[in-house]
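Participant: Quick paste from Swiss-Prot:
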ACT_SITE  His363  active site, proton acceptor
BINDING   11-14, Lys25, Gln76, 81-82, 103-105, Gly140, Glu154, Asn227, Arg333, Lys351, Tyr366, Asn377  UDP-N-acetyl-alpha-D-glucosamine binding site
BINDING   Asp105, Asn227  Mg(2+) binding site
BINDING   Ala380, Asn386, Tyr387, Ala423  acetyl-CoA binding site
REGION    1-229  region 'Pyrophosphorylase'
REGION    251-461  region 'N-acetyltransferase'
Amino acid sequence: MLKKEINVVILAAGKGTRMQSSYPKVLHKLGGKTILEHVINIAKSVKPKKIILVYNNKEKEIKSKISDTSIDWVIQKEQKGTGDAILKASKKFSDKDDIVVLYGDMPYISIESIKKLFTSKKQSDISLLTAYVKNPDGYGRVFKKNGKVIKIIEEQDANFHEKKIKEVYSGTFIANGKDLKRWLNQINNKNIKKEFYATDIVHFANLENSTIKTVQVLNCKEILGVNNKLQLSILEKIFRKKQVNDLLLSGVTLKDPNHFILRGILKHGKNIEIDTGVILEGNIILGNNIKIGVGSVIKNSFIDDQTEIKEYTIIENVKIGKKCIIGPFAHLRPKTVLDDQIHVGNFVEIKDSIIKKESKIKHLSYFGNSEIGSQVNIGAGSITCNYDGVNKFKTIIGDNVLIGANTKLIAPIKITKNATIAAGTTLTQDVNTPCLIYNNKEQKQKKNWKRPQKIIKKTDQ
């Protein structure tokens, strides 16, 4: 017998009105990714023949965030229920394939639980993913008689006794495509909400004496969904705890695990030390022997071995070499590349610049659109004046240049290697020889000068 292929249907057409948001529920972020991206990753993990995504009329918003070309898109213009959504998706799947249904707002279903469904399907016509919970409020109840699944009863349609049932249905199931289409075409909307419930297929499967099995999730948290911002915050907390545990087990030292946030993916070497209040976003790569100080924020960046990021430093889309010292209170902006042994000190901002080995910018400076050579030392309060209100211009500084404090470099400008720029200089022309550059500024003295006195107003008396 040939092995059946898997199609995954993801239901993501709900309006999500309880989120009190102007954009779709499934596009809210969880751990740096949209909820829907998490579910798509779950779907991909089973290596399906096809992923079919049912969405609502927010097509442009959803497709702008989900650019995966392998997905088959199906629109549900009117929200008539989950049964109607799967029926619309059924035009995209084959009778002979097995169909797994996932919900776009349930990002924690595990691959292990889905594999249990696959195993169960070998001995059943339809297998349902369920959980035993202490508080079943809000979930459909699995109604059984003598151990046999009879039907799924939605919360709003359940009577007093049915609401006491502790086995609840997650919404995820697996069934053959041909069977599923037949059952879907029999459901109606004769219920309190006047919707076509996907859960009704269990009733029709039972009428045919089909074999219906239930499979329990490995962890009850897997069935948690998102309907409002409170539930999203609960899922975020669970997600963060798992991330922290994984990092600790992988050897990362977190000084305060309860106040560390990772919104993305962290790849790291050995001897990583992260202090309290640090936020990492996007794709982060850390080498060996890295220290990150209190309150730092790092986004989509690479940091090489033996580099220290001091307190309250912000780094975004930056590549940093080995044995660098950055901060405290430094700001490295996109397109910045630092070579090895660079020192960027407090209140220094660098944007779209390349800085070569062993150079230093240690205090109160701004460098944008710059190329800085090796062993350059830049004094406090130095800035590149790189913008004329319309265009950005480049500053190029050669190797072993010394720039004194409070210097202004009016771009476009180039300074040759070994040149020295005196403190307080405003540089407007290229420096083509390794000389000393300074501005003549006469120091004047005004004798018998007195400081102005404060004028005392009547209201001050």
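Every residue gets a Cβ built from N, Cα and C, even glycine.
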Participant: In Å, rounded, how far does the Cα of Ala380 (acetyl-CoA binding site) sit from the Cα of Gly14 (UDP-N-acetyl-alpha-D-glucosamine binding site)?
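Facilitator: That comes out at 56 Å between the alpha carbons.
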Participant: Would you identify which of the binding-site residues Asn227, Asn386 has the most other C-beta atoms lying within 10 angstroms of its C-beta?
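Facilitator: Result of the Cβ crowding comparison: Asn386.
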Participant: List every residue in the same chain as Gly81 (UDP-N-acetyl-alpha-D-glucosamine binding site), at least 6 positions away in sequence, whose Cβ is under 8 Å from its Cβ.
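Facilitator: Gly81 (UDP-N-acetyl-alpha-D-glucosamine binding site) has long-range Cβ partners Asn189, Lys193, Glu195, Phe196, Tyr197, Ala198.
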Participant: If we check Cα distances from Asn227 (Mg(2+) binding site), which of the binding-site residues Leu11, Gly14, Glu154, Asn386, Ala423 wins as closest?
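Facilitator: Answer for the nearest of the binding-site residues: Gly14.
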Participant: What's the CA to CA span in angstrom from Leu11 (UDP-N-acetyl-alpha-D-glucosamine binding site) over to Tyr387 (acetyl-CoA binding site)?
Facilitator: 49
Participant: Between the recorded positions Gly14, His363, Asn386, Ala423, which lies closest to Asp105 (Mg(2+) binding site), Cα to Cα?
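Facilitator: The smallest Cα gap between Asp105 (Mg(2+) binding site) and any of the recorded positions is with Gly14.
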Participant: Would you identify which of the binding-site residues Leu11, Ala380, Ala423 has the most other C-beta atoms lying within 10 angstroms of its C-beta?
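Facilitator: In terms of Cβ crowding, the pick is Leu11.
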Participant: Taking 10 A as the limit, how many CB atoms besides its own sit near the CB of Asp105 (Mg(2+) binding site)?
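Facilitator: Asp105 (Mg(2+) binding site): 27 neighbouring Cβ atoms within 10 Å.
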